[in-house]
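According to Swiss-Prot, the features are:
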type: ACT_SITE; residues: Arg236; note: active site
type: ACT_SITE; residues: Glu265; note: active site
type: ACT_SITE; residues: His283; note: active site, proton donor
type: BINDING; residues: Thr78, Arg155, Ile156, Asp175, Thr207, Cys234, Ala235, Arg236, Asp260, His283, Leu284, Gly285, Ala286; note: NAD(+) binding site
type: CROSSLNK; residues: Lys21; note: SUMO1 cross-link
type: CROSSLNK; residues: Lys21; note: SUMO2 cross-link
type: MOD_RES; residues: Ala2; note: N-acetylalanine
type: MOD_RES; residues: Ser14; note: phosphoserine
type: MOD_RES; residues: Lys21; note: N6-acetyllysine
type: MOD_RES; residues: Lys58; note: N6-acetyllysine
type: MOD_RES; residues: Thr78; note: phosphothreonine
Amino acid sequence: MAFANLRKILISDSLDPCCRKILQDGGLQVVEKQNLSKEELIAELQDCEGLIVRSATKVTADVINAAEKLQVVGRAGTGVDNVDLEAATRKGVLVMNTPNGNSLSAAELTCGMLMCLARQIPQATASMKDGKWDRKKFMGTELNGKTLGILGLGRIGREVAARMQAFGMKTVGYDPIISPEVAASFGVQQLPLEEIWPLCDFITVHTPLLPSTTGLLNDSTFAQCKKGVRVVNCARGGIVDEGALLRALQSGQCAGAALDVFTEEPPRDRALVDHENVISCPHLGASTKEAQSRCGEEIAVQFVDMVKGKSLTGVVNAQALTSAFSPHTKPWIGLAEALGTLMHAWAGSPKGTIQVVTQGTSLKNAGTCLSPAVIVGLLREASKQADVNLVNAKLLVKEAGLNVTTSHSPGVPGEQGIGECLLTVALAGAPYQAVGLVQGTTPMLQMLNGAVFRPEVPLRRGQPLLLFRAQPSDPVMLPTMIGLLAEAGVQLLSYQTSKVSDGDTWHVMGLSSLLPSLDAWKQHVSEAFQFCF
């Protein structure tokens, strides 16, 4: 998937000036307009391929579907709650964020919240401003020796752990992705959730808002917690069930909470905010000069690197694309798309299961990015729903009635060589199998249904190819085919054949353009098809 035609970027929220400068220095045109209504945003996006936002702009399905040229949405920050990911993915719009840009600021705010909870600093400050001097009311607790439960051990969770360990806190945590060994390497004991609840004096959450994390702290889990537990949420509103938290505060099960985020922002229900044991901020996790500068810089660099084909980072809705930018993988992406296009032309809108098989050590983990490229080739001509690309391929293939499986086999000795890297695309239960490889940076077709091409056939983007199977002993076949090309006004640019397989030979002709019809050809050969990717 190329982004070379991405030329104009709209920045619709306030960002550090470095963002605009980096984009412009990278050759991109930039428009900055803030506080746009939905209608105004749609109007501005009509001639923009890229959009960069913070949290204020709502990139809804209506906006995405109405922005015909939109290719990429960049979120200068971590959370993408304000972007409709499903709509973006369906439209084939890439969504990126800056996962590390505000990590330090969010971690520092979390640590500040923990200290404020322990010593009731905001409440004591408010009391002093009211002219009071009440030392007994604000009795606190030391952090030293207390147990901190960290739910989510990504960058922010790790930074929090390091800082609070310096206060003498014991850190335990939970993360379904991070292994116990990795967690132990930064001083966190990984435990199942049911063991964390009764163990912790303080709990802080640092997970994304997902169906599996919504209401992670609820009536049931609060009941399992140590009485007097204190809770911090500087991640996403909704991870802590706000109703359950209020009930736990009212009963004394929870001694205090520090909230930087809410299910609804700003919160209309003031019960939590007004509770005397709640510290709250208006979503300030990334509100530092350093974080804003870092996020603006990172998202701009990501856009420029993407357009120049250097790298792709921070991808939210198509992680497989990240591999597509490596020099080794790029030509294999082209091969996969070519074989998918070939399979569609050959099998005629196939149904059932498409098998994508990689072979060779260097392709061991490549299936995740090659299978979407195969799908692009399969569906590009058939799909009437949207432009098929590496972002939406897996979503659209299911709707097309196809199942795509990916597997890997090691390189084996044989005619292809020892350990040679190959890509096979086949239709399960049907006589359609194509095998390709990459020579240098050029995708090559090596085999069709066991018929080997020596040398291999170059598969070049934009080069029409006609493939047909016929008996090798027919002396008039080739002159007849050339005559049919002449009648259609199509030039023959290249020609080669496979070895004989099952009594037939595959012939491949490079053409100046695709033929308007293959009906005349099919009268003279066993089968024929043409394609161009």
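Any Cβ shown, glycine's included, is placed from N, Cα and C.
Checking each of the recorded positions Ser14, Lys21, Lys58, Arg236, His283 against Thr78 (NAD(+) binding site) by C-alpha distance, the shortest gap belongs to Arg236. DSSP gives Ile156 (NAD(+) binding site) a helix state. Just so you know, of the binding-site residues Ile156, Ala286, the Cβ with the fewest other Cβ atoms around it within 10 Å is the one at Ala286. The binding residues for NAD(+) are recorded as Thr78, Arg155, Ile156, Asp175, Thr207, Cys234, Ala235, Arg236, Asp260, His283, Leu284, Gly285, Ala286; their greatest pairwise CA distance is 24 Å.
In space, Glu265 is the closest of the recorded positions Ser14, Lys21, Lys58, Glu265 to Thr207 (NAD(+) binding site), judged by Cα positions. Cα to Cα, Leu284 (NAD(+) binding site) and Glu265 (active site) are separated by 12 Å.
Within 10 Å of Ile156 (NAD(+) binding site), counting C-alpha to C-alpha distances, fall none of the recorded positions Ser14, Lys21, Glu265.
Highest Cβ count within 10 Å among the recorded positions Lys21, Lys58, Arg236, His283: Arg236. Long-range Cβ proximity for Asp260 (NAD(+) binding site), meaning a same-chain Cβ under 8 A and a gap of 6 or more residues, is found for Leu109, Met113, Asn233, Cys234, Ser280, Cys281, His283, Leu284, Gly285. When the alpha carbons of Ser14 (phosphoserine) and Ala286 (NAD(+) binding site) are compared, the span between them is 13 angstrom.
Taking the Cα of Ala286 (NAD(+) binding site) as the reference point, the closest of the recorded positions Lys21, Lys58, Arg236, Glu265 is Arg236. Counting only the Cα atoms, the space from Lys58 (N6-acetyllysine) to Glu265 (active site) is about 13 angstrom.
Least packed by the Cβ count within 10 Å, out of the binding-site residues Ala235, Leu284, is Leu284.
A Cα-Cα distance of 13 Å separates Glu265 (active site) from Ala235 (NAD(+) binding site). Between the listed recorded positions, namely Ser14, Thr78, Thr207, the fewest other CB atoms within 10 angstroms of a CB are found at Ser14. Comparing Arg236 (active site) with the residue listed as 'SUMO1 cross-link', their Cα atoms are 31 Å apart once rounded.
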